[in-house]
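Student: I grabbed these lines from TrEMBL:
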type	residues	note
TRANSMEM	6-25	transmembrane segment
TRANSMEM	46-63	transmembrane segment
TRANSMEM	90-108	transmembrane segment
TRANSMEM	115-137	transmembrane segment
TRANSMEM	143-169	transmembrane segment
TRANSMEM	181-203	transmembrane segment
TRANSMEM	259-279	transmembrane segment
Amino acid sequence: MIAFFFIIIYLGPMVLMIIVMCVQIKCFHEIITIGYNVYHSYDLPWFRTLSWYFLLCVNYFFYGETVTDYFFTLVQREEPLRILSKYHRFISFTLYLIGFCMFVLSLVKKHYRLQFYMFGWTHVTLLIVVTQSHLVIHNLFEGMIWFIVPISCVICNDIMAYMFGFFFGRTPLIKLSPKKTWEGFIGGFFATVVFGLLLSYVMSGYRCFVCPVEYNNDTNSFTVDCEPSDLFRLQEYNIPEVIRSVIGLTTVWMYPFQIHSIALSTFASLIGPFGGFFASGFKRAFKIKDFANTIPGHGGIMDRFDCQYLMATFVNVYIASFIRGPNPSKLIQQFLTLRPDQQLHIFNTLRSHLADKGMLTAGTEDE
């Protein structure tokens, strides 16, 4: 599995997006199948059909938003895409309403309560699986490092928590997972933080990992070439006096991203495992050992990605809160779609603003 992970990284962002999409569909299938197996004897009309229809609707909405956001120039260039983009949310809502009406029409008197249970089951599954996979792709567009480091931290924590628990585990951590121990939980945390720092240091030096994934309209392909931001440039930091006496150094050279990696690895170690605990509780509730038997000896795909989905949400929120700023290229793209009078108004407003701040001279302003 680790070898497969490295192979898909080597194949590039487009393959990664396809893999994320396939994982999403398989996870949805595994969870919906559990519900179907539990209640199949009741012969609920249209349950599986409506579940997959809602999956299609939600994917159309989310990925349509992504295409409009990241392929703006291409969308505006092609007339059919431009129309679909303009009315995308209305089309998405209409598709959902069709599914909603189909569900209401499928209601059977003797199964009302059970059918509403399954309606909620489908929507919660969509929230857990589809929404999170959409965030994974958004993280990937920010740069492959925002995709690889969080996933690797979760994998590292899972492995190291097992190792520490196996050799030093004595104190049970939580009843949902009797084999989990405090020793493994704490040991996994420290090991993951160190791993995150080292992996971030290595990856921050390569443009193919740190540059945002962008669509090149000239070549009709994805590119990951840019001038790395300050986040991925080595900087000198002063070491606190308490630590100086221990390591004998006064300063250290680090990438700023390594500091952010501490937050990512901390979440992967302390909060990420609760995604696994949640999945364990879910399986215990339905008296099943694994979500499926897709991977021999490891259960289903959902068994391997139960912690990853929670991590994806955190990374997306973290980027939006502390990293991402206004994107000049997207602003220019939107500016070029405005009417000429609107463009002129924005130009005059911007020129006056820059002149008031002293960034334009009188001669420059007249030109």
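Each residue, glycine too, has its Cβ placed from N, Cα and C.
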Student: Where among 6-25, 46-63, 115-137, 181-203 do we find the most Cβ pairs under 8 Å to the transmembrane segment (143-169)?
Tutor: 181-203
Student: Six or more residues beyond either end and a Cβ under 8 Å away: which residues meet both conditions relative to the transmembrane segment (46-63)?
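Tutor: Counting only partners 6 or more residues beyond its ends, the transmembrane segment (46-63) has Cβ contacts under 8 Å with 25, 28, 32, 35-36, 39, 88-89, 91-92, 95-96, 99, 102-103, 106, 115, 118, 122-123, 125-126, 130-131, 134.
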